[in-house]
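Okay, so here's the structure we're looking at.
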Amino acid sequence: MTEFAQDTVKPNADNPTAPRILHWLPAAFLLTVVAVGAIATLTSPGFREAQPDKTVINGEWMLSWEKNLDSKVPWRTPSVNLWGGLNYRLFGEAQDGALIGQYGWLFTNEEFQTASTDAAEFQSKIAYVKQVRDQLAKDGAKLVVALIPAKVRIYPQEVGRAGVPASHDTLYADFRDRLEDADIAAPDLAAALKAARSQGNVFLRTDTHWTPLGAEIAARAVAETVQELNLELPPADYSLTHKPDVARAGDLLRYVPVPEDVGPELDRVSEPEYTRTDEGGGGLLGDESIAVTLVGTSYSADSKDNVWHFDDALAAALGTEVLNAAQEGKGPIVPMREYLKSQDRKDNPPQVVVWEIPERFLRVVYDAE
Amino acid sequence: MVFSSNVFLFLFLPLFLIIYYLLPFKWRSAWILLGSYALYSWWRVDFLWLLIAITVVSYWFGLVLGRQPDGQRRRWTLVTAVVLNLAALGYFKYANFGIESFNAITQSLGFQPFAFTPILLPIGLSFFIFHAISYIVDVYRREEPPTHKLLDFAAFIALFPHLIAGPVLKYNLLADQFRTRTHTLEKFSYGATRFMTGFAKKVLIADTIAPLVTAAFNQPNPTMADAWLGALAYTLQLYFDFSGYSDMAIGLAAMMGFKFPENFNHPYISRSITEFWRRWHMSLSSWLREYLYISLGGNRKGRARTYLNLWLTMVLGGLWHGANWTFVLWGVWHGSILAVERRMKEASLWKPSPAWLTIPGTMILVMLGWVMFRADNVPDAFRMYGGMLGLNGVGLSDTLAWQVKGSVLLTMLLAAVLVYVAPLWGQRVGDVGSRLLKPALAVGATVTLLPLFVLAVMKLSAQSYTPFLYFQF
């Protein structure tokens, strides 16, 4: 007897005693699936799309082509829907990327994640904010950080079974404390938003972002902080109206690919419309200076999904025009890097820059510039 | 190109099979070679030269060994051929590890580290080097005449079902099959069944469990529940991933008329580590016995040397898996237990124990080994061991709890049922020997498999890319 295995070949590879149906059924089935899949693959747009600028010799072209093909095979969407639907109906789970809480509340995974690099990244973010503060100060501009609390921080009861990691408990307050130590103004938006919960939802149930109410509450808190800087901002007046409220599918519903009547109930949103009512606002050809610049993420960016209009709410709360340099999908660091180098900054030297930083990005590591 | 991918399943496989079956038998080896090189090149074209060089050099040494009479000179030819192959393995697989280890020592002594550019590990290198060595040694031992058909030999080395992650094959198992093999609908159907089984095991079970494994092994301070859940999840993931791959390889080979040896035989019902190695990655175990353990002297040089040979075989087998101290320590762990078990048997200290005691006992030893095998580095592994001992608390930590999904736990439960109930069930059915029951069960299992395969294809498309775990070795 030996400690190691012997080679064994299964004797039943072509077992004549197996039921006759097994002699042909698996082959016929596999070949049918492969044939149908092959025809669908050959006719899919991904098959014909070349990958310019990719090198064949090192496999770069193949990787890129295959990735593109995978995303465009005709059974991709039905597959996502089938498996997403099964997970939701059988287990009440979303696909990787979101968590389903209680009462139809969805949360992004990013607000729960932890890593061993978190503490170091926290320090690195503080250092970068200080660096930005100093760079702006050279041109006489002040920095105000609008630190947006995680949705789970405002609605912890709605998270349900999973619970938020305790290491996140003091993250918001700690970061604000460190900013305060560095003499960087940062209003307590978490307290303001928590206090406003009785007026309505301050975050959308099915979206990562805040509601128009949440954006307005935050804008008022930021405006109070800016006003404490005693700057002379060019005045502007705004009026606020609301569009009729409509059902809105939030970005987190992408992780729950089920029909609307099966999945979490949609949010109802009444989109605000801010209109400038005074005689200012030089428009494209005007020479009115804009003293406040807003830099940040999708919470501020002027994108097609933006129904909260934080930039307008901030302008209305400050009573001055706001230049919006926020960008969607890049986190808070990249838009600031780009803004610091931009022509916008040279053309409109600000008195104050409001930098909107969502709490969940504090742990995200960005490539060095 | 992995077997569980759209490009393999719906482009490579149909094109390959259509042309394969249209060609007369004498052209099929050439087509296998071309197809296998194309599959390898899909990863990187610029490393195909290495596969071709290993093939040509080993083929040439085979011819030389075949001509040479027994003696010292022939022995030196063997040593040169094996060393050349191992040098390739050493350069591409272990150079980074060697330099990093050297730098760690020199830096700890206050010297400047040696600057180097990391070397890329060619995919499947460990496997095709072992295939080449097995051929050279077989020819040297005169167990197999040297082949004069370079095409057949190159096709054996590159044969795509086993090229990237095994099974580790010996040339003498396939040499005859390259000369003659049958192609029947029954054999193709058997291959299709094995392929679909492996595909479902990999995509439906292993890939579902994978995120929990990653989350558990990433815990900075794993609790007892975190660590044991992670170890159990990885134990199941690794088995279903690798045995799934092996099923697919055996199935693809059968579709081309080849018979590959089995690679797994219900390893987790083993009642000792010795038995485990007769059931786990059997092709590697068999290779290690034939070409390493026996070459080291096996059990022919006394008791102490036998234990040492066992130990060394497992340590080197561990190192073969990857250039990391974790694999070395994993090998040390298994080698030591194998030596102890052998000693106990020889000293008649090994008493038959009930299965309810020995199967869980063996599983715990295996799981402890897998923790080292899976960890990124030795300190990480000991962090997990600390967690298993409860050094960071007992209950599930809040950093892991939100990542533990009901669907994953149910999949783990089903996987555990398959691991433990399936072999028992098979044995019972075999015992009953019913002429009615066995065929009915076979048909039932196949009919269940077919929709599962379609579900797996759809799941593959719904999820992101997940390569097989053994591709990294």
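Just so you know, glycine gets a Cβ as well, placed from its N, Cα and C.
Record features (TrEMBL):
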| type | residues | note |
| --- | --- | --- |
| TRANSMEM | B:7-27 | transmembrane segment |
| TRANSMEM | B:47-64 | transmembrane segment |
| TRANSMEM | B:76-94 | transmembrane segment |
| TRANSMEM | B:114-138 | transmembrane segment |
| TRANSMEM | B:310-333 | transmembrane segment |
| TRANSMEM | B:353-373 | transmembrane segment |
| TRANSMEM | B:408-425 | transmembrane segment |
| TRANSMEM | B:437-458 | transmembrane segment |
Exercise for review: Grab the same-chain neighbours of the transmembrane segment (B:408-425) for me: Cβ-Cβ under 8 Å, and only residues 6 or more beyond its ends, written as numbers and ranges.
Suggested key: 204-205, 208-209, 211-212, 232-233, 236, 239-240, 266, 268-269
Point to revise | Two-stretch contact, the transmembrane segment (B:114-138) and the transmembrane segment (B:47-64), at least three Cβ pairs under 8 Å | key: yes
Check your understanding: What residues in the same chain, six or more past the boundaries of the transmembrane segment (B:76-94), come closer than 8 Å to it by Cβ-Cβ distance?
Key -> 50, 53-54, 57-58, 61, 64-65, 68, 119-122, 125-126, 129, 132-133, 136-137, 140, 319, 322-323
Point to revise | Folded-back contacts onto the transmembrane segment (B:7-27), same chain, C-beta under 8 angstroms, at least six residues removed | key: 1, 35, 38-39, 42, 183, 252, 255-256, 457
Check your understanding: Looking only at residues six or more beyond either end of the transmembrane segment (B:353-373), which have a C-beta under 8 A from one in the stretch?
Key -> 227, 231-232, 234-235, 238, 267-273, 275-276, 321, 326-327, 329-330, 333-334, 337, 381, 384-385, 388
